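For reference, the structure is listed below as structure tokens.
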Amino acid sequence: MTTTTHILGYPRIGEKRELKFAQEKYWRGEIDQAELKKVGAELRYKNWQTQASAGLSFAVAGDFAWYDHVLTTTLLLGHVPKRHRHGFPDLDTLFRVGRGQSQSSCACHGAAASDMTKWFNTNYHYIVPEFSKEDTFEVSWPQLFEEVNEAVQAGHKVKPVLLGPLSYLYLGKEIEDGFDRLTLLPRLLTAYQAILAKLAKQGVEWVQIDEPILALELEKPWLDAFKLAYQVIRSDVKVLLTTYFDSVVDSLDRIVELSVDGLHVDLSAAPEQLDAVLAKLPQNWVLSLGVVNGRNVWRSDVKAQLERLQPVKAALGERLWVASSCSLLHSPVDLELEAGLSAEVRSWFAFAKQKVSEVVLLGKALDGDAASIAQCEAYSQPIQARKSAAHVHKATVQSRVNAITAELAQRSVPYAERARHQAEVLQLPLLPTTTIGSFPQTSEIRVQRSAYRSGQLSSAEYEQALKGHIADAVKRQEALDLDVLVHGEAERNDMVEYFAEHLAGFQTTQFGWVQSYGSRCVKPAIVVADIEREQPITVGWSTYAQSLTSKQMKGMLTGPVTILCWTFPREDISRKAIAQQLALALRDEVSDLQDAGINIIQIDEPAIREGLPLKKRDHQNYLDWALEAFRISAASARPETQIHTHMCYSEFNEIIESVAALDADVITIETSRSNMELLKAFEEFNYPNEIGPGVYDIHSPNIPSEEWIVDLVKKAAQKIPVERLWVNPDCGLKTRNWPETEAALANLVSAAKRLRKEFAKETTAVNSDALAKVETEA
């Protein structure tokens, strides 16, 4: 009885980010579409060869995307937003939807990018589909079918992957009031019927249809819609219904009624669901078990997994499939490239290529292959050895964590009192202007960083180079007349990796890249041991920048929850414990910054929303320790020290009270793409502190006009008292260039100055009317 082995998807970026560099060359006009497509084809061919060489039963097709797989589905369904429809859709259409289009690059008019948000609770992003009641769907984008043909012609047995119709609808948004996007399902299903019919003609036996929303707590109309949907799209192609990121037990009674041929569940995220799934699995279905974790870098304990799966194999026989838990796009590509790791540390890890081999090894061992069973035993030994490694567990760190009290997570006085102290010290105008932290990482900075890391630049030479970039950033900000400055973070390759490199307990990699969105890749550090700060990290750079200006300089820290969410965490201790260790380290940094004369300190927490568990019933437990971790970090600040925090891609409605519970003096948030829609959360909740809703979408090359910014700030002022508003971009400016950055910030500053005058006139008029009324009554 041969066990079928497969994965849900493979990284598309290339082991050395080949796709990223090709995309960016294309966007700069340095290569044409044919050259870009050639790079994509080469990457797909290599990925399929990796899967086939390892011995997987299927090569997965359709997991490749030029920007993100949800946007690919949008193009597949012919569902391009009207503002981006210019002739027959091609790659430029796809990039316009994802990146937007400025007037200068379009003969007609500019067009805003579609919203972008996080893919469930990961650090991957997708472009949000837009729905209106007139929408139709038509299969017009051939990428999926072309890639199936490519794989077949290369000699592979193919399993295409497709985002399911219910998940596609659910992950989108209505762009008009009084309309429910679920009513579009019948039209959408017609397109899915056409897709499956085409795949059948191509000789496809199995298709993987991803419905990750089945791991959520779905409302009844959405859950009920599944039965009809899968009856309608039933075809000659067998369907593996794929779920991941959490348990599907809540939806299981509906799932087992569906007209599909198999179910995939994520046992890495929710191992407890196995018994319930086995008890209700239809007799004619296959069961794919995701036992190799696609979201981390840790070597799988294949010995333990084998012991767990053997009874399932005995019960199901060939109906048992072994798989990755989710797509491997969340893992780096290949551990073999990491020549700088010690043999011990290397033995702890497995990247995507190695995870493919783990899946195959488990399949062979389940089939009774003696050599594979023995290999499982040997392969798992480093995991056991690590549990007792003395350098992984530190008594000093454990002692501090054990001493945490409620008082440690509280500022010394309430916000109202802090605000008075801060107003006296900072002397800021109405609608103060600032940026979120980073400035463009120029090619010069990257070359110098590379030269330093390769030994071509000494530490002293590199420090002088960085000081030059900091001085330049300060000079540019003063010329723009921003109110609160930043040093620009020239020394930081990444907002998380930089702290990981300067905190004990982390391991960084050279090629551990994963895709975040589009061409944006991140290289998450790995938590390998207890975390502690051995010396100040940012104080020197911030104090140098402050010495160059009389304006206020913000110290810039990445918060404990974001560092946790944007790294690969340990699996031997809880996420809460890691967050507490990080919080204590950052608390020490806050103390040192204020002692060095930095009056404003930003503790970025852009990832706090994405860290929420998928099930709402699990939210409060997470929020309790996540908010505590932030407050521990910030609570060493004196009343006159203003603590800022920043969040992006956040949906605040469900966590607005928790955002307030952070007790940050100022919060800046991403709102420009949604045209200030995110501020609806503040209509019913009286947010007590200051807020800076973003007015410049830094993810798009478009430069916002002064009028656009004025309009956004006025919308914000309808929900937030103007005296508590700040004016700032959505996010850091690292990925932009200096000309567009300065142009956008010039408009931002001029908009703020114009609005100060307008609001001052309104205030004067109101005061005059009030005075006249008093005099009349007198």
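Residue positions begin at 1 at the first shown residue.
Glycine is treated like the rest: Cβ placed from N, Cα and C.
Record features, source Swiss-Prot:
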- R17, E18, L19, K20, K118, R520, C521, W566, E610: 5-methyltetrahydropteroyltri-L-glutamate binding site (BINDING)
- I436, G437, S438, E489, D604: L-methionine binding site (BINDING)
- I436, G437, S438, E489, D604: L-homocysteine binding site (BINDING)
- H646, C648, E670, C731: Zn(2+) binding site (BINDING)
- H699: active site, proton donor (ACT_SITE)
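All protein chains considered, the CB of G437 (L-methionine binding site) has 26 other CB atoms within 10 Å. The record gives I436, G437, S438, E489, D604 for L-methionine. Within 8 Å of the mean position of their Cβ atoms, the other Cβ atoms in that chain belong to T435, V486, M495, M556, Q602, H646, C731, G732, K734. Residue environment of E610 (5-methyltetrahydropteroyltri-L-glutamate binding site) contains 23 other Cβ atoms, counted within 10 Å of its Cβ in all protein chains. Here H646 (Zn(2+) binding site) is positioned 5 angstrom away from D604 (L-methionine binding site), judged by their C-alpha atoms. The binding residues for L-homocysteine are recorded as I436, G437, S438, E489, D604; their greatest pairwise CA distance is 13 Å. Among the residues R17, E18, L19, K20, K118, R520, C521, W566, E610 said to bind 5-methyltetrahydropteroyltri-L-glutamate, no two Cα atoms are farther apart than 28 Å. Among the recorded positions R17, K118, H646, H699, the residue whose Cβ has the fewest other Cβ atoms within 10 Å is R17.
Under the DSSP three-state reduction, S438 (L-methionine binding site) is assigned to strand. Annotated pair S438 (L-methionine binding site) and R17 (5-methyltetrahydropteroyltri-L-glutamate binding site), C-alpha to C-alpha distance, rounded: 23 Å.
Here C521 (5-methyltetrahydropteroyltri-L-glutamate binding site) comes close to I13, R17, K20, W513, V514, Q515: these same-chain residues lie at least six apart in sequence, with C-beta atoms under 8 angstroms from its C-beta. Around L19 (5-methyltetrahydropteroyltri-L-glutamate binding site), taking its Cβ as the centre, 24 other Cβ atoms fall within 10 Å, counting all chains. The binding-site residues shown are E610, H646, C648; of these, the one with its CA atom nearest the CA of I436 (L-methionine binding site) is H646. Of all the recorded positions in the record (L19, K118, G437, E610, H699), the one with the smallest CA separation from H646 (Zn(2+) binding site) is G437. Among the recorded positions E610, E670, H699, C731, the ones whose Cα sits within 10 Å of the Cα of G437 (L-methionine binding site) are C731.
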